[in-house]
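Engineer: Could you have a look at this structure, given as structure tokens, before my questions?
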Amino acid sequence: MIVAVGSTNPVKVEAVRRAFSLFWEADVRGVDVESGVPKEPFGPNAIEGARNRARNALRALNADFGVGIEGGIFHLFGKYYCAGFVWIERKDGVHSTGMSGWFECPEAFLPDMLRGRELGDLMARLSGNENIKREEGAIGFFTRGAVKRVDLYTHGTLMALAKFIAAGRWPR
């Protein structure tokens, strides 16, 4: 089975590899595709970006599954949260979605993010690590490595895989 990930970010590719390998033998490949949304998407834009990445990756590699992971900012109950939205689409058009765990977005970052700055850029400045979004991520920095970005995205991918894992047990 070929699984196309709509990103070459090693964190996203590894998260998908970890999730799929729990259930199937999968050849997981990252491919550079367009998300069609702003670099730091808010709310529905993150969902749209994940969908676009999954579909574009599926087509680009003629894969069995396409996976799009889009980190974004979500506003609920008066606060902003960072999370990863995951869209998985099978080659027959059936899709499923999931999300990673959420964590509160630092309020100090919000003015810059609302103007289009990416969380990864702000974290690079704060941490001194220019590659933080391709490594531990903001959550890894803030939890001192207890939870890493790959963990969040593996969790989100598993949530999106539930429909496919359940197969005949998924209610119609």
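Every residue, even glycine, has its Cβ placed from backbone N, Cα and C.
What Swiss-Prot shows for this protein is this:
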- Ser7, Thr8, Asn9, Pro10, Val11, Lys12: substrate binding site (BINDING)
- Glu34: Mg(2+) binding site (BINDING)
Engineer: So what sits near the residue listed as 'Mg(2+) binding site' in its own chain, CB-to-CB under 8 Å and at least six residues off in sequence?
Structural biologist: Asn52, Asn56
Engineer: Taking the Cβ of Val11 (substrate binding site) as the centre, count every other Cβ atom within 10 Å, in any protein chain shown.
Structural biologist: 24
Engineer: Return the count of C-beta atoms lying within 10 angstroms of the C-beta of Thr8 (substrate binding site), excluding that atom itself.
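Structural biologist: 13, counting other Cβ atoms within 10 Å of Thr8 (substrate binding site).
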Engineer: Starting from the Cβ centroid of Ser7, Thr8, Asn9, Pro10, Val11, Lys12, which together make up the recorded substrate site, report each further residue of the same chain whose Cβ lies within 8 Å of that point, ordered by sequence.
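Structural biologist: Apart from Ser7, Thr8, Asn9, Pro10, Val11, Lys12, the close residues are Val5, Val13, Glu14, Gly30, Arg134.
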Engineer: Within the chain of Asn9 (substrate binding site), which residues six or more apart in sequence place their C-beta under 8 angstroms from its C-beta?
Structural biologist: Gly30, Lys133, Arg134
Engineer: Hey, does DSSP put the residue listed as 'Mg(2+) binding site' in a helix, a strand, or just coil?
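Structural biologist: Going by the DSSP assignment, the residue listed as 'Mg(2+) binding site' belongs to neither helix nor strand, so it counts as coil.
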Engineer: Provide the three-state secondary structure of Thr8 (substrate binding site) computed with DSSP.
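Structural biologist: For Thr8 (substrate binding site) - judged by DSSP and reduced to three states - the answer is coil.
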Engineer: Least buried of the binding-site residues Ser7, Pro10, Lys12, going by other Cβ atoms within 10 Å?
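Structural biologist: Checked Ser7, Pro10, Lys12; of these binding-site residues, fewest Cβ neighbours within 10 Å: Pro10.
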